[in-house]
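I have placed the structure first, in the form of structure tokens, so that the comments after it can refer back to it.
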Amino acid sequence: MTLSDSDLELITTELGRELTPAEAALFENLWSEHCAYRSSRPLLQSFTTGDDSANDEGAEHVVIGPGDDAAVVRLPRVDEASETPIYITMGIESHNHPSYVDPYDGAATGVGGIVRDTLSMGAYPIALADSLYFGSFDRERTQYLLDGVVEGIADYGNAIGVPTVAGSVEFHNKYTGNPLVNVACIGLLTDERLVTAEAQSPGNKLVLVGNATGRDGLGGASFASEDLSEDAETEDRPAVQVGDPYTEKRLIEANEELITAELIQSARDLGAAGLGGASSELVAKGGLGARINLERVHQREPAMNAMEILLAESQERMCYEVHPDDVETVGDIAAKYDLGYAVIGEIRDGNYVCTFGDETVVDVPAGFLADGAPMNDLSATEPPTPEESTFPAIDAATAFNTIISTPNTASKRWIYRQYDHEVGLRTAMRPGDDAALIAIREAGVGLALSSGAVPAWTESNPYKGAQAVALENATNVAAKGATPIAAVDCLNGGNPEKPAVYGAFKDIVQGLADMCHTLSIPVVGGNVSLYNDSTSGPIPPTPTLALVGTKKTFDAPPAALTGDGTLLLVGHQSNNLGGSELLAQIGGTDKFPALPSNPTAVVDSLARVANHPSTLATHDVSTGGLAVTLAELITSDAGARVTVQNKTSLFTETPGRAVIETTDPDAVRHIFEGVAPVVSLGDTTTDGTLTINIDDEDTANESPAVTTDAATVAKQRRILEDALE
């Protein structure tokens with residue numbers, strides 16, 4: 001990738017001279033789509049971010065919104081009289097292209113990068129969530145990528161001691177040439193520990209702490225701003241970073257000590273565009289400049305030139321602004337943790353200047369470098385959405401057995417059992433449920449976390465599908481009794497220069513923004529990843545959302561039946577099958593299901609039901625519809641006898657619904673009165689069997705439409721384990 005003629009003309013006109021090679025490379029990376037959001041930034045104004053405290057609903061929780069390394073959200077407290085506010089940080093990143101070229105290192109360094117974004121704010125990382133998207137599971141290449149990505153996430157996350165507690169995995173043939181790896185991180189801090197990525201004062205020193213700089217990851221930002229080529233695995237390997245989790249662990253602990261000692265004025269991790277990106281963005285945000293001596297950067301490879309030192313994306317490095325009086329102490333702490341350390345320059349008024357030997361290799365206005373890229377004016381065409389119902393007939397038993405044994409509905413235990421999800425002793429609800437639940441004892445609240453998207457939904461109808469993604473994640477945390485308070489997004493799309501691709505991308509942005517606004521959930525930060533396009537075509541528009549909610553306890557009803565209650569289905573239901581797993585398996589098209597007109601009331605009511613003492617189990621209805629929800633709820637000790645109105649009721653994926661096991665059905669009906677329908681499904685049993693009757697088919701037939709048991713279902717849902725073990 002090189003600078004376009006128009007960009008080059010704009011830059012040389014601004015500077016009044018030709019660019020040095022280092023400047024050209026720096027602008028190429030910082031003005032890339034990956035760094036500058038040239039095709040998406042105007043669209044992001046649709047989101048309610050909480051920055052406008054007077055007008056944004058949900059803003060009372062937002063301390064720092066979009067624009068920093070991570071967002072900062074104030075947690076509500078059980079004891080409101082406490083004087084110490086407790087904050088969490090929220091961040092999400094993509095490492096899509098690197099994970100195709102090198103799935104292990106690509107995914108591992110994705111984890112490392114989002115953790116360092118957390119460190120930049122003065123927070124300690126306490127939880128990870130990973131949302132992964134791959135091509136058709138039956139392909140050998142897909143299984144290779146899945147195996148490598150999961151191993152990379154597990155090895156890195158486990159080694160640094162941060163639990164991976166939530167996430168999602170989706171398979172769709174349009175990810176075959178371009179998988180997605182989206183990783184979110186939650187951090188914890190108090191208000192006095194808060195640091196930002198905004199340079200504070202001229203005269204302060206810039207200090208580099210962490211790994212030595214090598215040549216790995218060169219041009220990573222520009223690499224992430226192009227379609228993947230057929231030869232990407234070999235040609236683009238140098239653009240993929242190599243991680244060292246044990247250095248990252250030492251960096252986490254050193255950062256904690258530096259923040260505790262109040263030695264850090266501002267901070268930024270070295271991610272996209274390396275030292276050049278981190279240092280220029282830090283001073284630009286403060287309206288300042290810097291003078292950096294590149295020869296002072298500690299290096300692990302010989303004869304590195306200025307451009308390589310500036311742009312290498314070697315991992316496990318932090319750039320700190322430090323008062324001159326504190327520089328020696330920072331060096332002592334770095335040495336204590338066996339970390340590299342170098343005073344590379346200082347913050348000044350004026351330009352961003354880098355020297356190498358006796359030569360000035362960069363001398364540009366920091367604000368122009370960081371924020372001067374012009375936005376793209378791209379054409380967009382409205383994506384077609386199905387309007388007719390055309391799909392083959394299929395009997396309920398065949399449909400049920402088909403739908404519970406697909407890669408998308410299969411058990412993901414093979415994946416999350418590789419993650420240490422309990423390190424840190426905060427995990428109150430483990431992976432495999434609707435949402436994770438993390439104990440924030442400092443505030444006396446439980447923090448529920450859900451992350452994911454459903455590409456079949458957004459492919460069927462980008463706008464409504466994105467709305468459904470937001471509602472689905474909100475429903476997940478509500479099903480565990482939590483009230484949503486904030487979210488971050490990772491907006492993944494194909495090549496935006498294709499009008500159809502850009503049109504669908506615009507729709508997912510607007511759909512996600514509209515539903516989050518309706519739910520009063522501020523989207524406090526995020527990431528955009530475009531050019532997820534390859535020789536096999538663009539990916540489906542994929543709006544990953546990581547959403548948190550809070551509750552006053554550290555426990556929640558599980559997504560597993562007890563055998564002691566009545567089963568109810570709560571929420572509005574549409575009989576359309578658009579975007580469903582059933583249609584993905586049997587073929588055909590249908591309209592996307594209608595969404596509830598009162599989603600906030602539905603989510604609030606579900607949270608109240610989940611916290612009611614009569615509630616024994618809760619599980620939201622999502623991919624695979626009610627059929628999969630019921631299959632996931634039964635255990636060897638608890639089954640169910642269920643009756644539904646029609647076959648479509650089993651397979652529609654209308655979001656905003658949940659199955660409740662309760663000993664007091666009237667209490668559930670009272671809570672949902674005037675909000676959404678409450679349908680009696682039947683009773684639970686203690687024999688581990690599931691029988692489903694369908695009213696409109698079985699009136700003259702005494703045998704159930706579906707009969708199965710927990711052992712059979714578990715075997716059918718083992719397809720990932722059977723293929724990969």
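Yeah, the Cβs are placed from backbone N, Cα and C, and that goes for glycine too.
Which of 44-65, 198-219, 220-241 counts as region 'Disordered' depends on Swiss-Prot, and there it is 220-241. The ATP site in Swiss-Prot is built from Tyr37, Gly526 plus one of Asp5, Asp69, Asp489, Asp564, namely Asp489. Here Swiss-Prot has Ser94, His95, Asn96, His97, Gln241, Glu313, Ser314, Gln315, Ser529 binding substrate, and the candidate from Arg74, Arg116, Arg291 in that same listed site is Arg116. Shown in sequence order, Ile92, Glu93, Ser94, Asn182, Val488, Asp489, Cys490, Leu491 are the residues of the chain, 6+ apart in sequence, with a C-beta less than 8 angstroms from the C-beta of Asn527 (Mg(2+) 1 binding site).
Here His34 (active site) is positioned 18 angstrom away from Gln315 (substrate binding site), judged by their C-alpha atoms. Under a cutoff of 8 A between CB atoms, and with a sequence separation of 6+ in the same chain, the neighbours of His95 (active site, proton acceptor) are Gly106, Ala107, Thr109, Gly110, Gly113, Val181, Val183.
On the backbone, the CA of Glu313 (substrate binding site) and the CA of Asp269 (Mg(2+) 2 binding site) stand 11 Å apart. Residues Tyr37, Asp489, Gly526 are the ones the record ties to ATP, and the longest Cα gap between any two of them is 14 Å. Considering only the recorded positions His34, Tyr37, Asp269, Gly526, the residues lying within 10 A of Arg116 (substrate binding site) on a C-alpha to C-alpha basis are Asp269.
Of all the recorded positions listed (His34, Arg116), Arg116 sits in the most crowded Cβ setting, with the most other Cβ atoms within 10 Å. Apart from Tyr37, Asp489, Gly526, the ATP site neighbourhood in this chain, defined by C-beta within 8 angstroms of the site C-beta centre, holds Ser40, Leu44, Pro66, Val488, Cys490, Leu491, Val523, Gly525, Asn527, Val528.
When the alpha carbons of Asp269 (Mg(2+) 2 binding site) and Gly526 (ATP binding site) are compared, the span between them is 16 angstrom.
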